[in-house]
Amino acid sequence: MNNIYQKDLGLQQYTKVFEDMLEFTSTRTPETNDEIWLVEHPAVFTQGKHGKPEHILNSHNIPIVATDRGGQVTYHGPGQAVIYFLLDIKRNKLGAKKLVTTVEQACINMLDKYYNLKAHIIDGAHGIYINNQKIASLGLRIKQGKSYHGIAINTNMDLTPFSYINPCGYSGLKMCQLANFYQEADIKKVQQQYTAEFVTLLNNSI
């Protein structure tokens, strides 16, 4: 069983957490414990490493940050449960594809187990959907066998800024959030519930 430290970072600027992820990943050793970071960000658009500027329709003065994760542009804001995975994927016997599958399946399991919601994936469009509306976005980076970045689960937030972009590069993609189904949706609970499901899947795969 893998020892994974959880860190609840609270509300943090995206750029600060991004820099911290880079530093953690570049300085870790084979003995460094894996970590999962739980965080919430002030309003920000983040652009993937191959992101196309035309997918940002109108930023409405929301900051735009270029990152090195996979995927296109997405939005982070208050009320969104963000979970970052700082893992040694070789030690966890994970390839890139298996890591993505585990991240996605943990979200599907969580929504089913705790909220009785039947979520699904769409081939070729990473993320988690309910009735073809996207509830969770993911973007990961693996560098020298170490992962960082993660998943963002729309929980109880203002979804309006998603209309300012083509989310994940898809024009007209409809977004949803847990609060559409459960008014009292709470990001702290979602982060803990998700992490429990993820760690269970991870340990079962080792």
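In case you wondered, yes, glycine gets a Cβ from its N, Cα and C as well.
Per Swiss-Prot, these features apply:
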ACT_SITE  CYS168  active site, acyl-thioester intermediate
BINDING   ARG69, GLY70, GLY71, GLN72, VAL73, THR74, TYR75, HIS76, SER137, LEU138, GLY139, GLY150, ILE151, ALA152  substrate binding site
DOMAIN    30-206  domain 'BPL/LPL catalytic'
SITE      LYS134  site 'Lowers pKa of active site Cys'
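Feature annotations (Swiss-Prot) mapped to structure.
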{"residue": "ARG69", "record": "substrate binding site", "Cβ contacts under 8 Å, 6 or more apart": "THR46, GLY48, LYS49, GLY139, LEU140, ARG141, HIS149"}
{"residue": "GLY71", "record": "substrate binding site", "Cβ contacts under 8 Å, 6 or more apart": "GLY48, GLY51, HIS126, SER137, LEU138, GLY139, CYS168, GLY169"}
{"residue": "VAL73", "record": "substrate binding site", "Cβ contacts under 8 Å, 6 or more apart": "PHE45, THR46, GLN47, GLY48, GLY51, HIS55, ILE56, ILE64, ILE165, ASN166, PRO167, CYS168, GLY169"}
{"residue": "TYR75", "record": "substrate binding site", "Cβ contacts under 8 Å, 6 or more apart": "ALA43, VAL44, PHE45, THR46, ILE62, PRO161, PHE162, TYR164, ILE165, PRO167"}
{"residue": "LYS134", "record": "site 'Lowers pKa of active site Cys'", "Cβ contacts under 8 Å, 6 or more apart": "GLY127, ILE128, ASN154, PRO167, CYS168, LEU173, LYS174, MET175, CYS176"}
{"residue": "ILE151", "record": "substrate binding site", "Cβ contacts under 8 Å, 6 or more apart": "VAL82, ILE83, VAL103, CYS107, ALA136, SER137, LEU138, TYR194"}
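Look at the residue listed as 'active site, acyl-thioester intermediate': DSSP puts it in a helix.
A simple Cβ count within 10 Å picks out one of the recorded positions SER137, GLY139, CYS168 as the most packed, and that one is SER137. For the substrate site, whose binding residues are given in the record as ARG69, GLY70, GLY71, GLN72, VAL73, THR74, TYR75, HIS76, SER137, LEU138, GLY139, GLY150, ILE151, ALA152, the maximum C-alpha distance rounds to 15 Å.
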